[in-house]
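Per Swiss-Prot, the feature domain 'Hflx-type G' maps to 198-365. According to Swiss-Prot, the feature GTP binding site maps to 204-211, 229-233, 251-254, 317-320, 343-345, an assignment based on sequence analysis. If you look up Swiss-Prot, you'll see SER211, THR231 marked as Mg(2+) binding site.
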Amino acid sequence: MFDRYDAGEQAVLVHIYFTQDKDMEDLQEFESLVSSAGVEALQVITGSRKAPHPKYFVGEGKAVEIAEAVKATGASVVLFDHALSPAQERNLERLCECRVIDRTGLILDIFAQRARTHEGKLQVELAQLRHLATRLVRGWTHLERQKGGIGLRGPGETQLETDRRLLRNRIVQIQSRLERVEKQREQGRQSRIKADVPTVSLVGYTNAGKSTLFNRITEARVYAADQLFATLDPTLRRIDVADVGETVLADTVGFIRHLPHDLVAAFKATLQETRQATLLLHVIDAADVRVQENIEAVNTVLEEIDAHEIPTLLVMNKIDMLEDFEPRIDRDEENKPNRVWLSAQTGAGIPQLFQALTERLSGEVAQHTLRLPPQEGRLRSRFYQLQAIEKEWMEEDGSVSLQVRMPIVDWRRLCKQEPALIDYLI
């Protein structure tokens with residue numbers, strides 16, 4: 001088994017088309033991924049197939065072509081824009097006599113370079129270890145010269161078992177740490193939910209401009225760059241929205257086509273901010289030729305994390321890269337804002353975004369069940385004045401239980417006026 005490649009290395013890239021329609025944007029995105037990893041592409045090899053070859057993924061002739069390209073260019077790694085099976089990866093490494101990294105391994109490497117917080121690093125390591133676990137097989141080149149003997153009935157067998165055990169132990173250890181992080185996040189979320197502080201979560205295809213928009217809105221100076229996966233760690237900031245008040249804005253990891261499942265699983269804690277959001281701001285690069293495909297790719301991941309039914313406002317970003325395009329709000333048949341056109345880079349359209357946020361969030365409804373002690377008759381009267389009581393019943397201890405429904409703005413105003421209200425929630 002070969003070590004992970006280092007940034008600054010030189011590679012041969014392999015991209016295979018499985019349809020008659022050769023989509024050049026797929027290849028361009030792959031080249032962007034490679035560039036984001038800090039790897040120099042010496043040669044790009046393309047080809048067409050109806051289905052992957054079981055031994056090499058590509059045909060045997062193409063596999064030989066790749067091996068010859070490695071020798072001719074002096075490349076130290078071959079990068080595939082596809083998911084390879086452990087056996088395919090191993091067969092190609094033997095043929096090419098260098099490391100072979102598939103799309104999943106490449107994305108994981110970029111994530112490893114980008115992670116900045118302790119939590120982010122743990123999440124990346126977990127995904128890497130899960131990926132590596134499928135590739136721990138009897139093929140370790142540094143052990144093949146060992147001779148069999150007592151306790152060593154095969155090349156490297158004992159070492160292999162030890163590594164598997166260490167890998168399993170480390171995975172369990174990281175999962176335990178991430179569960180603790182998730183519990184802490186959940187406590188913060190629950191306190192926001194009780195006070196009905198809305199959470200607006202930015203989602204979108206990688207490099208759509210989410211972090212630039214986040215910075216424009218909050219002036220938080222989150223790391224933003226024109227590269228894939230510039231943001232990994234979730235960042236939360238409080239903002240003030242007219243007629244709504246305090247709102248939490250969350251910036252999260254960008255999505256991409258064919259996002260490895262291990263990655264989605266490892267970033268569960270980060271993506272939880274998206275799953276629990278009041279409103280999603282789906283940021284879209286309006287200047288990208290694959291707008292619709294990028295939207296569908298994001299929707300696929302949202303479905304995978306059970307966030308596809310959360311109310312969404314589309315944000316068409318980068319209008320400064322379109323000709324004669326002015327900021328505007330598009331509305332649906334109910335006259336609700338459903339799309340805002342803006343430029344996070346120049347700030348054009350930010351007032352329209354805040355207007356849309358006000359309209360969408362102030363229209364949200366708070367639903368709660370409370371148990372009021374006998375002495376809180378005045379509070380009960382307030383709910384009647386607001387025409388918020390849907391159901392009311394007496395408890396054996398003399399307290400009154402209420403099921404209330406009211407505009408979220410009214411609920412938050414009442415919480416500020418009556419701080420004890422939170423204690424009566426059940």
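Each position is counted from 1, following the chain as shown.
The backbone N, Cα and C atoms fix where each Cβ goes, and this holds for glycine too.
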Query - Euclidean distance between Cα atoms of SER211 (Mg(2+) binding site) and LYS318 (GTP binding site), Å - result: 13
Query raised in the report: VAL253 (GTP binding site) to SER211 (Mg(2+) binding site): how many Å between their Cα atoms?
Result: 10
Query raised in the report: What residue among the binding-site residues LYS210, LYS318 has the most other CB atoms lying within 10 A of its CB?
Result: LYS210
